[in-house]
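Under the heading N-linked glycosylation site, Swiss-Prot lists Asn170, Asn183, Asn188, Asn232, citing sequence analysis as support. If you look up Swiss-Prot, you'll see 1-17, 75-85, 266-280 marked as topological domain 'Cytoplasmic'. Swiss-Prot lists 39-59, 112-240 with the feature topological domain 'Extracellular'. Marked as transmembrane segment by Swiss-Prot on the basis of sequence analysis: 18-38, 60-74, 86-111, 241-265.
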Amino acid sequence: MSAHDGCLSLVKYLLFVFNLFFFVLGSLIFCFGIWILIDKTSFVSFVGLSFMPLQIWSKVLAVSGILTMGLALLGCVGALKEFRCLLGLYFGTLLLLFATQITLGILISTQRVQLKKKVKDVVQKTIQNYRTHPEETAAEESWDYVQFQLRCCGWESPQDWFHIPSMRRNESEGDRVPCSCYNSSATNDSTIFDKISPQFSRLGSLAQPRHNVEVCSVPANSYIYQQGCERNLSNWLTNNLISIVGICLGVGLLELSFMTLSIFLCRNLDHVYDRLARYR
């Protein structure tokens, strides 16, 4: 075996092993998404967050797993069987993904003001329509989760929630905000969420879907977060910018590496005897 043949064999098996790893990873992601979709109660008990929009994330994970498995399968079969058509398709798909990521990065960098305004509009619409459609709670649950995790209330301030119809039980009642705005650390009652509403408890199987429980709200003059989420979200993005950029660069470098290996293998295969001819 010549040095050239040895190099081709090394590239072929490297590409195969790497894609086999990502195929297994995609399978795990897909199974994880299906598990969340089918058995929500067990997953809620596992993570301890009953108000997360699990259905959305389960579908995202399932689709991501399928796409990862499909792309990895192209790389595995194309490399192992030395099929130029599959290697070319694999390279083209990776190139498309890489170009999409670059385009999104440029758009986010140049359209930050417009994106921020769009996010603000979506959040304000979610607040205005809070609990008006009990069957459509994904956006509301997502925003509750943001407020709970980032310890904030409303977009600009808690006043965003004032005068929202679903927050008042009667006209004489004062302003109220969702339970996700409640600052439990400001009190000595560590079980406040269990007492306020099952949707914020960490009781797993005892948790109920939002549309089966009364709207959970607390008085605006109680212990609530006084800062809006706009600043907290900006701070979170700033604090995690290095991690986000690092992940994006890592994914981009992986894609470039796989593209390089696949195009090298594709171009250096025997031009006279294509392995695909065996199966014609």
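Cβ coordinates are placed from backbone N, Cα and C, and glycine is handled just like the others.
Note that the structure is predicted; figures quoted are calculated from it, not measured.
Summarising model confidence by region, the topological domain 'Cytoplasmic' (75-85) averages a pLDDT of 88. Asn183 (N-linked glycosylation site) and Asn232 (N-linked glycosylation site) have their C-alpha atoms 15 Å apart, to the nearest angstrom. Residue with the densest Cβ environment among the glycosylation sites Asn183, Asn232: Asn232, by other Cβ atoms within 10 Å.
Note on the topological domain 'Cytoplasmic' (75-85): residues 12-13, 15-16, 18-20, 22-23, 258, 262, 265-266, 269, 274-276 of its chain, located 6 or more positions outside it, place their CB under 8 angstroms from a CB of the stretch. Taken through DSSP, the topological domain 'Cytoplasmic' (75-85) splits into 9 helix, 0 strand, 2 coil. Following the DSSP three-state reduction, the secondary structure of Asn183 (N-linked glycosylation site) is coil.
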